[in-house]
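Residues or ranges marked as Zn(2+) 1 binding site by Swiss-Prot on the basis of sequence analysis: CYS70, CYS72, CYS85, CYS88. Taken from Swiss-Prot, the feature Mg(2+) binding site covers ASP460, ASP462, ASP464, and the record attributes it to sequence analysis. Positions annotated as Zn(2+) 2 binding site by Swiss-Prot: CYS814, CYS888, CYS895, CYS898. Taken from Swiss-Prot, the feature region 'Disordered' applies to 1369-1388.
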Amino acid sequence: MKDLLKFLKAQHKTEEFDAIKIGLASPDQIRSWSFGEVKKPETINYRTFKPERDGLFCARIFGPVKDYECLCGKYKRLKHRGVICEKCGVEVTQTKVRRDRMGHIELASPVAHIWFLKSLPSRIGLLMDIPLRDIERVLYFESYVVTEPGMTDLERSQLLSEEEYLDKLEEFGDEFTAKMGAEAIKDLLASMDMQAEIEDMREELETTNSETKRKKVTKRLKLVEAFVQSGNNPEWMILTVLPVLPPDLRPLVPLDGGRFATSDLNDLYRRVINRNNRLKRLLDLAAPDIIVRNEKRMLQESVDALLDNGRRGRAITGSNKRPLKSLADMIKGKQGRFRQNLLGKRVDYSGRSVITVGPYLRLHQCGLPKKMALELFKPFIYSKLEGRGLATTIKAAKKMVEREEAIVWDILDDVIREHPVLLNRAPTLHRLGIQAFEPVLIEGKAIQLHPLVCAAYNADFDGDQMAVHVPLTLEAQLEARTLMMSTNNILSPASGDPIIVPSQDVVLGLYYMTREKINAKGEGMYLEGFAEAEKAYRTGVAELHARVKVRITEVLRDENGIETRETKLVDTTVGRAMLWQIVPEGLPYSIINQKLGKKQISNLLNEAYRTLGLKDTVVFADQIMYTGFAYAALSGASVGIDDMVIPDAKYTKVADAEEEVKQIQEQYQSGLVTAGERYNKVIDIWAATNEQVAKEMMDNLSSETVLNRDGEEEQQESFNSVYMMADSGARGSAAQIRQLAGMRGLMAKPDGSIIETPITANFREGLNVNQYFISTHGARKGLADTALKTANSGYLTRRLVDVAQDVVVHLDDCGTYEGVTMTPLIEGGDVKEPLHERVLGRVVAEDVLKPGTDEILLPRNTLLDEKQCQIVEENSVDQIKVRSVVSCEADFGCCANCYGRDLARGHMVNQGESVGVIAAQSIGEPGTQLTMRTFHIGGAASTAAADNSIQVKTTGSIKLHNAKHVTNGEGNLVITSRASELTVIDEHGRTKESYKLSYGTILTKKDGDAVNQGDKIASWDPHTMPIITEVQGQVQFVDMIDGVTITTQTDELTGLSSIVVLDAAERASAGKDMRPTVKLVDANGNDIMIPGTEMPAQYFLPGKAIVNLADGGNVGIGETLARIPQASSGTKDITGGLPRVADLFEARKPKEPAILAEHAGIVAFGKETKGKVRLLITRDDNGEVYEEMIHKHRQLNIFEGDKVERGDVISDGPETPHDILRLRGIHAVTEYITNEVQEVYRLQGVKINDKHIETIVRQMLRKCTITHSGDSTFLEGEQLEFANVTIANRQLEAEGKQPARFERDLLGITKASLATESFISAASFQETTRVLTEAAVSGKRDELRGLKENVIVGRLIPAGTGFAYHQERQKQKAVEQEGPSAEQATDNLAALLNAGFSSEE
């Protein structure tokens, strides 16, 4: 019988739903949920503690207080299950029904729901098209509203004040009706004809021309259509019945001393019931209108407070002056239902303790204290004890465990074997913050952690704590072992580099072991293999660092896994030969035959992983660690004060600098330099001195002179402990050593400006009081910053995760030919990242051809791994088009080919991988390392002088890209185009350097010329912008009248005169409309045409231009007609660090953005208005003229008659991503955001793969705006999900109809998260009330596609191992739609079984 009950219960699983819909509840629906009306405000009887009948905790309505027992105690026990007691009316059932049975309150007067009234934009107001202020006046009984105008001249929904109403009553009698309060609003809503409204509005949209009107109408139209489609009735926004929450969700707990702890909701409900009952009584008594009205208003206010306290007026407070927590407060915010209970739960079978080092552990192990293990694995131990017959009952087993009998420990050993546990360190910033280990039982009370995983956890042993969790089910154990085991997480998901990298002691040990020393004991010996080397070292015949010759055998594997053995004699040291014994077969000896620093060890592990695979690498990593620790101990490297050697040159250099500063001070006092110049010069002097002292000090520390075997002096690297620690990368850096032994240097104030007196002392000498005080100044700011940084970084991660959580790999291949074109990353002439590094792990979108031929190197859809990238490098391919997440055409999530390699595993990404969350974590996790500050240019920061020439750093040939140029008299090229670029290529055709060329740059080489390293190939004047002539001829001035449009200035020193054009604003009225121009004519005075065009060669001069020519003089091609002074642009603040990353992802518009050309065409200037310039572009494509107004103070980079391309920069400034998207397209904006974000991270030395940033950008581009609706149902100007539009368009095209046209939109991450399809996900992120209100009104349906929604409803997530389950369900759903539904089948079965059993019972 019991089994059958279980079976029937199991049939109605809650998981069997596919979507969640939210809507407005009708009064009937509320009554149908309810189990009875709550009539009294009483809660429980203070003497008996029994709930009062008909009160807020009534047992008759909500269910029994004790399991299977009615209130009066007449019926007890299971056998009366389902009986309703005739005395107290309580049903005999489980007490847990008190958690889900609801009640209701019949309101004596309708009440408006505050969410739909006050949550902006007010839904009620928008729907009725009445301002919110007016509606509130009606609701709170300040004015009347006309509900039925009848035959009068009044309008429907017109407001009347008390006096007006009385006047109209006298005038029209009962011809019309006007009411106040929620009833009036309810009547108005009830009498609205939705369909008619929709038709009116559609008509209005077609006829109106006003943009604001159109926007307003579209908004309202959307709302009305949503009401019609969702089947919501607008009058349901006014409540007539109020649901009452089940009592166990608003508990009342008696404390000792006769007091009660209660949920605030009970107070709020009591208020409502009291006022409602009073109102009913007043209505029965037919009390005067004014009293009833006041009571109705109070009822409205109390219901408002219950639903959302504090949204209107002052919040209702409890006895202790704090606002009561209303229903809305229960679900929103960090402590609300969503974030506290649904997205983050507490976990049983867990414990936490302090961590210590476990240097003897293997990589997959952790040390677990016995006491802890015993507690965590209790149930397993009980079952084992029972199973082996050592204990008869669970109770006996419990006793045995409590007594800690010897047998229990043996059993614990058994239980733990092969049962992984999860270790987690808070804050868990990326997925490596939780990993699985096999526990090893240890004495003591601290968890032991393997040192190599510290980097992933960001753990240290200064008191950090970690939590242990036990995976219970078999599936959980399987996942822990196969996916989360520390040995499976060797590579970082952010960059694909090893994250299991030795640091500190281990690095120092290996470094010490592989150093060489001149003339060490045993130098020049010949040794047979590492065994003999070890013997020589152990017996003291040879020192660790002695240079010797050793015979070694290398085993190398080629691509096909064929091994070749090679034995050879190599020059090496004893230490390196001994290290060779732990290196696995398959790696070359050369990889360890060098001094190993942190970088080299990282490469060693990376190489091992790529060539040997996971298993060997893990063993190797452990061996490296043990060896490193051992030799670090033997090295005896320690820091003493004498290790910090102060260079003698320091004192003389400091004295020289002080002398120089004194001179500048004197110059300043005699007025030769300004205060700003003096400050900058002083800071430059000290910065340079600091550098020199540091250099001297490092040279001093890093080398020492020793005698070699022949007794000659020789330089070798020093064995100074401090130097070794820094050089190996174990601890410290040159900058820190500089502070210890050089000079501390310049200090910054908290606002970022630099204090001009540096600290000349170092820590070895010690600081005096002044110096100490200056130090504390900046240091304190650093600490304050760190605290802020952590919070900001956490918030950025949260927003990123939220926006990207539903990007999961759904398909194998979406089949797109789109992609991004990758080129080497070049900055200021240096290759920052070569091409083969950037494309590693991507899939090729188009065949890669061998440069200069049609031979296909790599076919389309190849995943580029290390081997293929080498092919790319060898053939010096300079650009490759690769697939990208941004251009992926999958409707939901993305496809595997567009994503490419799973960085943490090194192979193609699997289906179901949640790449969005990984991307968010990879960008957010290093957030705490980024700086918080905005760099102010000043002092040391701006020392870089303005560049005025290009010197090439490599030998090769030069290549010009989209450059127009003319040849001047000297035979040099002069650039006449705006956005040209010059690159230097080596003999293999690889781009080595790249420079931007500005207009007017003079080149000494031509396209394709060979250059040598150090050649100066280009020069320009950084302070002015020239106007270059493209033809030769005679100068003729037009509209250049001295004193009106120009002034002549004579330089006092040289006596040369120059003409300066006046700004239009400064001219007299006569010169306002004149346009100073330089024209070129031939000898006969005829206009010269610009070659290849019909345009005369005339050059308009902007204000402030300087002309050095005389009227009638001759000029040659490529000469400068005029110069325009450039305001130096180096004084803007650079926003750096975290705030910059946040700005980029939020797609914020900068203050003064760059102005870009909206169309390709020819530029002209129109009439100027006050403060603005009118820019005209005659379009190439259709000859139309586009005009734009630009502020006068903006400096324009173009002249009249210039040709611009769409998206060209017209005025400099930071570019807005929105403009880039609109004018240059989706790939340009992706590249912009990627590069800008990478720049910030690169500064901090953090490596993140581009594809993570692209994944976020894809989510920012989720929405699009309809520009033309075609045959679709979309409205013009409507913002929709991109996927939905593409799906709809596909369908329209299939039916031969016209698809909708649209423009992609770029949304910031916060906006994008709130604009997701899923209202559950959006509500749990931010602005819960607004999201839910909107969703309810439009009757939204959540398809539960993302991860967050599924976590909230308590299912497996549709990613990772849960992906298969969801795929299966979707398949089943498709099958079910054909046959009868599964639920019907179960119901039929249940009915049959019921019929069979009930008779017997």
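Cβ from N, Cα, C; glycine included.
Those same-chain residues not listed among CYS814, CYS888, CYS895, CYS898 yet with C-beta within 8 angstroms of the centroid of the Zn(2+) 2 site C-beta atoms are LEU811, ASP813, THR816, ARG883, VAL885, SER887, GLU889, ALA890, CYS894, ALA896, ASN897, TYR899. Ranking the binding-site residues CYS70, CYS85, CYS88, ASP462, ASP464 by Cα distance from CYS888 (Zn(2+) 2 binding site) puts ASP464 first. CYS898 (Zn(2+) 2 binding site) carries a helical DSSP state (H, G or I).
Each of the binding-site residues CYS85, CYS88, CYS888, CYS895, CYS898 was scored by how many other Cβ atoms lie within 10 Å of its Cβ, and the smallest score goes to CYS88. Same-chain neighbours of the Zn(2+) 1 site beyond CYS70, CYS72, CYS85, CYS88, judged by a C-beta within 8 angstroms of the site's C-beta center, are, in sequence order, ALA59, LEU71, GLY73, LYS74, TYR75, GLU86, LYS87, GLY89, VAL90.
Counting only same-chain residues at least 6 apart in sequence, those with a Cβ under 8 Å from the Cβ of CYS814 (Zn(2+) 2 binding site) are CYS888, GLU889, ALA890, CYS894, CYS895, ASN897, CYS898. A straight line from the CA of CYS85 (Zn(2+) 1 binding site) to the CA of ASP464 (Mg(2+) binding site) spans 59 Å. Looking at ASP460, ASP462, ASP464, the binding-site residues in this record, the fewest other C-beta atoms within 10 angstroms of the C-beta turn up around ASP462. Using a 10 Å radius centred on the Cβ of CYS70 (Zn(2+) 1 binding site) and all shown protein chains, the other Cβ atoms total 25.
Per Cα geometry, ASP464 is the residue among the binding-site residues ASP460, ASP462, ASP464 nearest to CYS88 (Zn(2+) 1 binding site). For CYS72 (Zn(2+) 1 binding site), the same-chain residues lying six or more positions away in sequence with a CB closer than 8 A to its CB are CYS85, LYS87, CYS88, VAL90. In the three-state DSSP scheme, CYS88 (Zn(2+) 1 binding site) is classed as coil. Cα of CYS70 (Zn(2+) 1 binding site) to Cα of ASP462 (Mg(2+) binding site): a span of 58 Å. The record gives ASP460, ASP462, ASP464 for Mg(2+). Within 8 Å of the mean position of their Cβ atoms, the other Cβ atoms in that chain belong to ILE355, ALA459, PHE461, GLY463.
DSSP assigns CYS70 (Zn(2+) 1 binding site) to coil in the three-state reduction, outside any helix or strand.
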